[in-house]
Amino acid sequence: MSNEAKKHARTTVAVLYGGQSTEHSVSCISAGAVIDHLDPEIYEVVPVGITEAGAWVPGTTDTSRLRADGRDMPRVEDGGVHVQLTFGGAGTAGSAGSGAAGEMRYVTGPQAGEVFAQVDVVFPVLHGVNGEDGTVQGVLDLAGVRYVGNGVLASAAGMDKDFTKRLAREAGIPVGEELILFQPRELTAEEKERLGLPVFVKPARGGSSIGISKVDSWEEFDAAIDLAFSNDNKVIVEAMIHGAEVECGVLQHADGSIVSSVPAMLNGTEDGAEGFYGFDAKYVDSTVSATIPAPLPAETIKEIRQLAIRTFNALGCDGIARVDFFATENGPVLNEINTMPGFTPISMYPKMFAAEGVSFGDLVSALIARALA
């Protein structure tokens, strides 16, 4: 096969990153790692950045621009040239689920109207709202363009910690005590007694530890609530669960089979440690580390792996998820699910599968194969 024929035989993958989310920079870092591990002999990468204002712009394959440098986090800049993904070859939506190819075209700038790529599959490496919450997935579903990862329902439910716990409870998966607030208010004496101290106050729909506070006394509660509501209009107050934080990856193959990874234990959370990793620890100082596989009894590891798949199925997930638990004296308790887990250099999802012998490149290839199945 000639080099030109090989080029046309490659699968064209549009990698979306950035987005209108507090996790914008994390998405950029994840996308850089994904692009680095897409085999150029097999895939033609079309990077598309989404600015914090929501503009779609030509992205970069220079992944050095998609890395953190201390506190200097990568961002998608608007250079004035905008692009859009159109469908059906004429800018019209295809039938849902048709798996039609999309056209990536310029909509502003000197090449406005020009198609510069035929897209076989979209890899939405988007974290947080307006990307991981079912919004982008809905657009792609309506257009009939294939994409990596979860659909609208699983993405929306997984983004919302409240609905994740509701579905998990219905499926018989252990979860902790929580309280949902839609506006700041004082807790009642009964609520305080039920939750106890400390509590964690979180935006219900967010990630990367943004907007989260640990409250050790009720005098700290008002400030924690204000911070959480500055990031979301729905807040979850969770009781402290004593146990190590353990993460488990789930991967669905092209044939529909579902596997879970060996779990990872976040160091510093074992033996009832009561801290938590904030954004800086995860992405600026890089102080997060983990032991893989988690140093837990074989029976506990087996239970975590099974519960991860049960959670995946309870939410109707497809392709990918990372499921987080607390390993308590009485067994694993669900913390949350990530329907588009991070792919950054410190992210646990690729590391856990690497411990199973699945390389980063094989992992992203498996996810694309599932999307195209």
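Each residue, glycine too, has its Cβ placed from N, Cα and C.
Features of the protein shown, as given by Swiss-Prot:
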type    : residues   : note
DOMAIN  : 165-369    : domain 'ATP-grasp'
BINDING : 192-247    : ATP binding site
BINDING : D324, E336 : Mg(2+) 1 binding site
BINDING : E336, N338 : Mg(2+) 2 binding site
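Of all the binding-site residues listed here (E220, D324, E336), the one with the fewest other CB atoms within 10 A of its own CB is E220. Neighbour density for S213 (ATP binding site): within 10 A of its CB lie 21 other CB atoms from the protein chains shown. For the binding-site residues given as V199, L227, I241, the lowest number of other CB atoms within 10 Å of the residue's CB is seen at L227.
Comparing CA positions across the binding-site residues D324, E336, N338, the one lying closest to V199 (ATP binding site) turns out to be E336. Along the domain 'ATP-grasp' (165-369), the predicted structure has mean pLDDT 92. Candidate binding-site residues: G206, E220, K234. Nearest to E336 (Mg(2+) 1 binding site) by Cα distance: G206. Cα separation, G206 (ATP binding site) to N338 (Mg(2+) 2 binding site), rounded: 10 Å. Secondary structure at G206 (ATP binding site), taken from DSSP and collapsed to helix, strand or coil, is coil. For G206 (ATP binding site), the number of other Cβ atoms no farther than 10 Å from its own Cβ, over all displayed protein chains, is 25. For N338 (Mg(2+) 2 binding site), the nearest neighbour among the listed binding-site residues (K192, S213, E220, I241, D324), judged by C-alpha distance, is D324.
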